[in-house]
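What TrEMBL records for this protein:
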- A:6-47: repeat 'WD' (REPEAT)
- A:48-89: repeat 'WD' (REPEAT)
- A:143-184: repeat 'WD' (REPEAT)
- A:185-226: repeat 'WD' (REPEAT)
- A:282-312: repeat 'WD' (REPEAT)
Amino acid sequence: MRPLMLQGHERSITQIKYNREGDLLFSCSKDQKPNVWYSNNGERLGTYDGHQGAIWCLDVDWTTSKLITGSGDMTTKIWDVEHGLVIASIPAKSSVRTCNFSYSGNQAAYTTDKAMGQNSELFIIDVRTADSSLAEQNPILRIPMLQSKITSMLWGSLDETIITGHDNGQISIWDIRKGREVNSVNDHTGSINDMQMYKDGTMFVTASKDTTAKLFDSESLMCLKTYKTERPVNSASISPIMDHVVLGGGQDAMEVTTTSTKAGKFDSRFFHLIYEEEFARLKGHFGPINSLAFHPDGRSYASGGEDGFVRVNTFDSTYYEPLF
Amino acid sequence: MPAPDIKSSWADEVELDYGGLPPPTEVIENGFKYVTEYKYNKDDKKTKVVRTYKITKEVVPKTVAKRRTWAKFGESKNDKPGPNSQTTMVAEEIFMQILNTKEEEKANDNLLDLTKNIAKCRICNGEHWSVNCPYKGTSMDTNLMEKKASAAAAAATEAPKPGKYVPPFLKDSQKGGMGGIRGRDDTAAIRISNLSESMTEQDLEELIKRIGQHTKMYLARDKNTGLCKGFAYVHFRQRKDAAAAIEILNGHGYDHLILSAEWSKPQNN
């Protein structure tokens, strides 16, 4: 395969996401401008200019009309996807680590960091009539995290729950009507860097600093499978058409300069979803992979790395041949 | 006689005529778009850049088609339609590396075995460090010391006289180390020849995939036409696979031609 290399960022990529149809690919990095690309030919549609700090997270709603970004400049911004303009900018007390639209696109959740004397907090806002007045409105729900910081977050089934991953490896599920924790598990021992839902929402895959990725049932939080590697895992994604999971990670960014590209293990690693066995690797990045996303049609996937590149890999025909 | 006014030497005129860069051209030909541009490179030399695009048609949902018509914004506002070569590049060809976990496990087991028996006594060859040897300081120990001393003396007399220059590459070959100049392991490499012109990498992969895992393959292509030059090199992961490949492919009929396969010979300059 000949991957497409998208070079729109000056600093390391923090998150990439496809929209629902998969025709657009959104990327954000530690520089201040999220980018949007046409996924089939790698053409850049535009950049969203307005943030003043590193962008940690982004999400796009199911109609591809709104984009939400969370930044180190202590704001969450909601954008008009088509024109690249800010609809609303919501100030926070510390930097915004994760943000997600609910499945319906009516609400959005975002979480802030534990920093500057502030606790990590989870906010839920109504975005149906988002405009500049959203900054003054109170959030629908606000849950402070007393012990640990949220490092990743997902909406649960029917927009009734929120699943959070914490820096101590804890995974919790919150009922947003009752506003309290329903269940929590401690299967991971390191920070949860990323969580991604399977296409039907019944299970999700986590990527953790403890060098494993795990598959969880999204109702009961039961750990179903474990994928073991030797390096911290930064991101994991489940294929929508095959029983495959792709893991990305590698040496910690601060240790990269003292490691050779061969020893750093910056490959994307493909595991069988059920047998937990690694069956393939794909080289490409020359730094750790920070974010991975499968195209909704499962025929390609994109990876964003510490090296600042986004690579869109389209699978060869050999990928679809049966393995076992 | 009125002298024709000579502007400059012919060499300058040639420069003047072609001084500017030719305008970029776009040709659309049976499903491909060829964009030709001329640029100056770092050394102020003219270079020609030809990009080939494949024009494809896709059936997509209405919403997706509508999004294709969106105007560009932000930093891409002034980009022309189509990918901008500043931000979008095609990376070099890579292959998925299919792992055979069983083989790897075996290799790891071997490593573990090695580490288990890492301690080996110099005196009695037991599985402990020499320091802890029960025979330390006995006649066995002193015998060993004497043997060593005499061996060292013998080696000293055999060593080549100093002062004679030995080129670095000969030094390596005397040691019989890596062998090839590039230090690549060519022991499991084979050469397949008498391939047809229409051979492609995919065909070759198809052909050798069933025999065993390969680490690298090279299909010689003509620089201008891009057609196969008739031979290819394949590096297998294991020598036994390479041997099997020679066995199978030598004399094998493919594309109306009889292939011949042999071990790849090291380059001798």
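Placement of Cβ uses the backbone N, Cα and C atoms for every residue, glycine included.
For the repeat 'WD' (A:185-226), the number of residues in each DSSP class (helix H, G, I; strand E, B; coil) is 0 helix, 23 strand, 19 coil. Counting residues of the repeat 'WD' (A:48-89) by DSSP class, helix then strand then coil, yields 0 helix, 23 strand, 19 coil.
Residue counts for the repeat 'WD' (A:143-184) under DSSP, helix first, then strand, then coil, are 3 helix, 25 strand, 14 coil.
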